[in-house]
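Before any comments, here is the structure.
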Amino acid sequence: MCSGSFAKCLGATLVPLSVLCVLCNILLFFPSGKSIESKHITNEVWYFGGILGSGVLNNDCCGCCGNDNCGRRFMLGSMLFAAVGVLGSGYSVIVSAVAISSGPMCMTFRNATLTVWNTPFNKGNYLSKTSMWSACKEPVDVVSWHLTLFSILLVAGLIQVAICAVQVVNGLLGALCGDCCRCCEKTNSRIIICCISLTFRKVS
């Protein structure tokens with residue numbers, strides 16, 4: 001497959017992942033689907049890992065999505081976009097991992113005159129002990145809400161890291177060897193053979 005076409009395929013894959021991550025991050029502002037005071041929202045939600053890291057910075061990190069001309073110059077730019085995408089999705093992965101380990105902020109105590117909100121869990125100790133989830137009184141089912149959405153962000157971020165890392169290599173090959181589409185169309189060879197032949201032509 002030509003490096004430019006490959007970049008388009010990768011870019012098309014990233015778009016739905018980015019949209020999914022943005023939606024997950026937005027939903028985290030509404031624990032269990034309820035609107036609460038901003039000071040009671042889990043701290044990691046405010047780091048915008050899904051919106052910035054896996055969303056804005058990963059929107060077509062390949063730089064070729066919807067572009068018909070992905071030549072050598074464009075492939076170099078694509079490689080730079082992909083490097084930014086790796087950093088963005090890596091940031092989202094770290095934020096999600098920390099959030100999963102820390103657990104959600106929730107109401108742990110309530111009486112007629114006092115309500116207490118904090119993070120009752122420590123270093124992921126609640127992950128294998130669902131009996132501890134009852135420490136969160138409100139919002140209802142906030143622990144499962146928190147875990148589900150941050151787990152989606154974590155997995156999506158890892159996929160984005162892999163895709164953008166592949167595009168860094170693909171962009172480097174495209175920048176050094178050209179898109180190779182013409183060569184591939186004539187010889188029906190793989191891109192590596194095509195790039196090697198083009199490189200030897202330049203040397204000779």
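Using N, Cα and C of the backbone, Cβ positions are placed for all residues, glycine too.
Bear in mind that the values here come from a model prediction, so they are computed numbers and not experimental data.
The feature transmembrane segment is assigned by TrEMBL to 12-30 (among others).
Residues 14, 21, 42, 44-45, 47, 49-50, 52-54, 56-58, 60-63, 124, 127, 146-147, 150-151, 153-154, 156-158, 160-161, 163-165, 167-168, 170-172, 174-175 of the same chain lie 6 or more positions beyond the ends of the transmembrane segment (79-100) yet place their CB under 8 Å from a CB of it. According to TrEMBL, the feature transmembrane segment maps to 79-100 (among others).
Taking Cβ pairs closer than 8 Å, the transmembrane segment (143-166) reaches residues 10, 13-14, 17-18, 20-21, 24-25, 27-28, 31-33, 42, 44, 49-50, 53-54, 58, 61-62, 82-83, 85-86, 88-90, 92-93, 95-97, 99-100, 103-104, 106, 126-127, 133, 136 in its own chain, all 6 or more past its ends. Per TrEMBL, transmembrane segment is recorded for 143-166 (among others).
Residues 36, 41-42, 45, 48-51, 53-56, 58-62, 65, 85, 92, 146, 149-150, 152-153, 156-157, 159-160, 163-164 of the same chain lie 6 or more positions beyond the ends of the transmembrane segment (12-30) yet place their CB under 8 Å from a CB of it.
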